[in-house]
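TrEMBL has this to say about the protein:
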- 54-302: domain 'G-protein coupled receptors family 1 profile' (DOMAIN)
- 38-60: transmembrane segment (TRANSMEM)
- 72-91: transmembrane segment (TRANSMEM)
- 111-133: transmembrane segment (TRANSMEM)
- 153-171: transmembrane segment (TRANSMEM)
- 214-238: transmembrane segment (TRANSMEM)
- 250-272: transmembrane segment (TRANSMEM)
- 284-304: transmembrane segment (TRANSMEM)
Amino acid sequence: MSFPHWTVPCAQKKQMSNSSSPKEFLLRAFADTRELQLLHFSLFLGLYLAALLGNGLIITAIACDHRLHTPMYFFLLNLSILDLGTISTSVPKSMAISLWNSRAISYSGCAAQVFFLVFFISAEYFLLTVMAYDRFVAICRPLHYSTLMGSRACVKMAAAVWGSGILNAVLHTANTFSLPLCRGNAVEQLYCSLPQLRRLSCSGSYLRESGVTVVSACVVLGCFIFIVLSYVQIFTAVLRIPSEQGWHKAFSTCLPHLVVVSLFVSTIIFAQLSLSISSPAQDLVMAVLYSVVPPIVNPLIYSMRNKELKDALRKLIQWVQCWHQ
C-alpha cells in the first residue's frame with residue numbers, strides 16, 4: 001500500500017510506533033542441529049550445577065562457621081550470592097532454548113533479564129572495589145581495622161553496593177527499553193543484552209545514550225583507579241614486612257581477590273574492544289565469559305589459597321557425609 005507524498009511522515013511514525021514495542025524477542029540458538037543443542041544443554045547444565053555447588057558451599061561454610069564471621073568473608077559471601085544471581089539470570093533460559101527448541105522470550109522477560117544482569121554484574125564490580133578497600137585497611141591500617149571495618153560499617157558498604165547496582169540497572173534498563181525498537185525482534189545473543197537490543201533501535205536519541213554511557217564509564221574508571229591505587233599501597237606495605245611468613249600471609253589474603261578483579265576487568269575490556277568487530281563467534285564467547293566463567297572460577301580461586309575457608313569447607317563436607325550415613 002502506498003501513501004500520498006504529504007502523508008509519508010505520518011505513515012512512517014505510525015509504523016515506527018507499531019514496531020517500537022514488540023510483544024516478544026527471539027534469542028539466538030546455540031546450534032541448529034538437535035545433537036548440538038542437546039550437547040549445549042548438557043554442557044551448560046553441568047557448568048550451572050558446578051556454580052551452584054561451589055558458591056552454595058562457600059555461602060553455607062561462611063554462614064555456619066563462626067570463625068569466618070569477619071568482614072573479608074562477609075564480602076565473599078555477598079560475592080557468591082551475586083555470582084549465583086548472574087549465572088541464574090542467563091544460563092537457565094539458554095538451556096531451555098536448546099532443550100525445547102523455542103527461542104521466544106517475552107518483552108517483560110527480556111526487560112527483567114537485562115535488569116538483573118546489569119544489576120548483578122555492576123554490583124559485583126562495586127563489591128570488588130569494597131573488597132579492595134577491606135584488604136587495604138587490613139594491611140596498611142591494621143590498628144584501625146576494627147574501627148573502620150566494624151559490623152555496622154560492613155553492612156552499610158554492602159547496602160551501598162546493592163543499592164548502586166539497582167540504580168545502575170534501572171538507569172540502563174529504562175534507557176534501553178524507552179527507545180523505539182523497529183529493526184525486528186531477533187536478539188543475536190544467548191540472552192537479552194544491552195548492545196544487541198540497542199542495535200534494534202531506530203531512535204536518533206544519541207545524546208541520551210551517550211550521557212548514560214559516559215556516566216557509567218566514569219564510575220567504572222573511578223572504581224578501577226581506586227582498586228589500582230589500593231593495591232599499589234598494599235604491595236608497598238607488604239614489601240616492608242621483614243618476615244617471609246608475613247609476606248605469605250598478606251599475599252594469601254590479597255592474591256585471590258586480585259585474580260578475581262583481573263578476570264573481571266579483562267572480561268570487560270575484551271567486551272568493549274570486541275564491540276567494533278563483533279562476530280557470532282565472539283558474541284558466544286562473551287556470553288560465556290560474562291555469565292558462566294566468573295561464577296564457576298571465583299569459588300575455586302578463593303578456596304585454593306585460603307586455609308581457613310578450606311578447613312571450613314572440609315568440615316562442612318564431612319558433616320554432610322556423616323549426616324547421610
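Each residue, glycine too, has its Cβ placed from N, Cα and C.
With pairs at least 6 apart in sequence, the transmembrane segment (72-91) and the transmembrane segment (153-171) have 3 or more Cβ pairs within the 8 Å limit; the two touch.
It is 72-91 that, among the stretches 72-91, 111-133, 214-238, forms the most Cβ pairs under 8 Å with the transmembrane segment (284-304).
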